[in-house]
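Data first, discussion second: the structure below is written as C-alpha cells.
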C-alpha cells in the first residue's frame, strides 16, 4: 500500500510544467512518427526490406521496457488516489509513452506478417514464427510482472533484470536491420521519415525518462541505445540515397507503381532461406 503522504506523492503534487509539456509532446510525437512506417507497408502491400530479427528483438525489448516501467512506477500510479486527474496523468506520462511506443512497434510486426510476400515461403514461415515467439515472450514476462507485483518482493530486482534485458536486446536490435539494409543497398519498406523523427526524438525521450520520478537508468538506457543505433541506420539509408541517386529506392513513394526489380528482391530472400536451411 502506498503512503499518500510520502515524499514521492507530495512531489507529484507539484509536477514540472516544462517536463509535462515535453513529455506530452513526445507522446504525440511517438504515435505520429510511426504513422509513415505503417502507411509505407500498407500502401506498398509488402514488407520487404524489414528484418524479422529486428522486429523480434524490438518487440521483446519493448516488452521488457514496459514491464520495467510498470513495476518501477507502481508507487507513482498508487499516488494517483491522492492526485487530481490532471496530476495523475502528468505523473504517469512516462508509462503512457512506453505503452504507446510498444503498441505502435507491435503494429509494425503485425503488418510485417500480413504483408510479407507469400511466394517466399521459407521467409514467411520465419515471419510467423517470429510473431509467435514475441507473443509467448510477452505472456511470460507479464505473468512474472503480475506475480512479482502482488508478492511485493524483489520488485526492484526483477525490474532491473527487465531493464538490463531490454538494454541488451535494444543494443542488438538494429544489427540485423543494418545488415539487411546494407545488403539490399536501399531501405525498401523501411520509412526514412519515421527514422528521421525517431532518431533525434529518442535522445530527448531518454532524457525525459531519466528526469521523471520513479524511474532509474534501466528505464531510459534502452531508448538511448535505440536512438543511437537508429541514427546509424538513418545515416546508412541517406548514404545509399546520395550514392546511388535515382537507382536507390529508399524514398520510394508508395503511391507510385511497384518497382520493376521484384524478381531480384525475391531471389535475395530465396538466397537467405537457402543459407538458413
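Every residue gets a Cβ built from N, Cα and C, even glycine.
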Scan 220-240, 241-261 against TrEMBL and say which stretch is down as transmembrane segment.
220-240
May I ask for the residues of the chain that lie six or more residues beyond the transmembrane segment (53-74) and have a Cβ under 8 Å from a Cβ within it?
92, 94-95, 98-99, 101-102, 105-106, 108-109, 112, 130, 133-134, 137-138, 141-142, 144-145, 148-149, 155-156, 158-160, 162-163, 165-166, 169-170, 172-174, 176-177, 180, 214-216, 218-219, 222-223, 226
